[in-house]
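What follows is a single structure, written as structure tokens, with notes after it.
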Amino acid sequence: MAAVVRIQSDWDQVLRKNEEQAWLSCSSPGKPTLYGKLTCQGVSSDGIPEVVASEGFVVSEITKKSLLVSCPRENASTKFLAPYTTFCRIHQKSITCLDISSGGGLGVSASAGGAMKIWQAANGEIRRCLEGHVYDVNCCRFFPSGIVVLSGGMDARLKIWSAEDAKCVVTFQGHRAGILDTAIVDRGRNVVSGSRDGTARLWDCGTSSCLGVVADCGSPVNGVALGEADNTLNLGSPEKIPSEREIGTEGKLLLLAREDKKLQGVGLHSRQPVFLFVGSDAFNCCTFLSNIYLLGGTQDGNIYQLDVRNTKAPVRVVHRSGAPVLSLLPFRDGFIASQGDGTCFIMQQDLDHVAELTGPDCDPVYKVATWEKQVYTCCRDGIVRRYQLSDL
């Protein structure tokens, strides 16, 4: 675990005023935490504050929405990005999931109590309310077309909606407990769901029927991810001939983030287990970085990077805090992770610093979505935040 630099969550608001201060800290395992502060010494004509750091910290770059801070003692530096826009009116309660359409024009999100809404990504204006789930909606995502939405809820139902008129066009039933995550196969004739009942299922959208149980884990499936497998990987062969309604499942590896501390790989077409990796705690989420590298995030704050060709030991483990890792998303040549303590960070191979997305004050950031150079996050505080990454 490397040293971690932290900053006051509303630093961009505070440092606009002369003589105002924001706190800083740098913590490294086994050493006392170094505390410091940033002080605003006036604001330039173009609105950029003049900021000085207390002893032990250095500010090297600053714009209205970004700040690069380093701590030379620990050889650590972090770029802090403040939200470009915040949408406070989409939901009134904690927001559990969100996604942005492939064209970047629409967002979909759901909050505690089951309120699911489609809104304009540019200004947060609500376009449609999707009503039909009983209890909470755990996951929602756009199909590649950008005009259809897939959602899964605590009511054990999976639903498909038209983003244009808010009608629920398909409801899938078969899980025995809440649906926790979904994945879409290719263009979306088939979809996959992971449930608290311990199974991952494959569904056919055209006939709204279940094509089979891909895996039965005996433990809740908290997260699923689907990717093209490296062609050297043996995904196994199906024991019985698959339905002709199965489209695009060949050559696909399904990742399952399991509550019983296991990250599992399964051949989607074959239904055969490919690997099983045991981590330090329950796996909450998983994603593919490429057809070789994948990530799994745990309840105790570990992010494991694995090589599918050899999953005995991780390629690396990233640990920035002990808070649960709640979402993982590939980004450029790295990834974005969000955690239960309100932190959300971007790690990239070619950057010598971590970029931290600020704003939430210790409230969990449940989900992250990207579109081109914009990152959207949803949080327990009921706010959707949008960040511009041209500053990166």
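Using the three backbone atoms N, Cα and C, a Cβ is placed for every residue, glycine included.
According to TrEMBL, the protein carries these features:
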REPEAT    130-171  repeat 'WD'
REPEAT    172-204  repeat 'WD'
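In the repeat 'WD' (172-204), the DSSP tally of helix, strand and coil residues is 0 helix, 20 strand, 13 coil. Below 8 angstroms of C-beta separation, residues 96-103, 105-106, 108-110, 112-114, 116-118, 177-182, 184, 187-188, 191, 193, 195, 197, 203, 205, 208 of the same chain, each at least six residues beyond the ends of the repeat 'WD' (130-171), sit close to that stretch. Predicted-model confidence for the repeat 'WD' (130-171) is 96, expressed as mean pLDDT.
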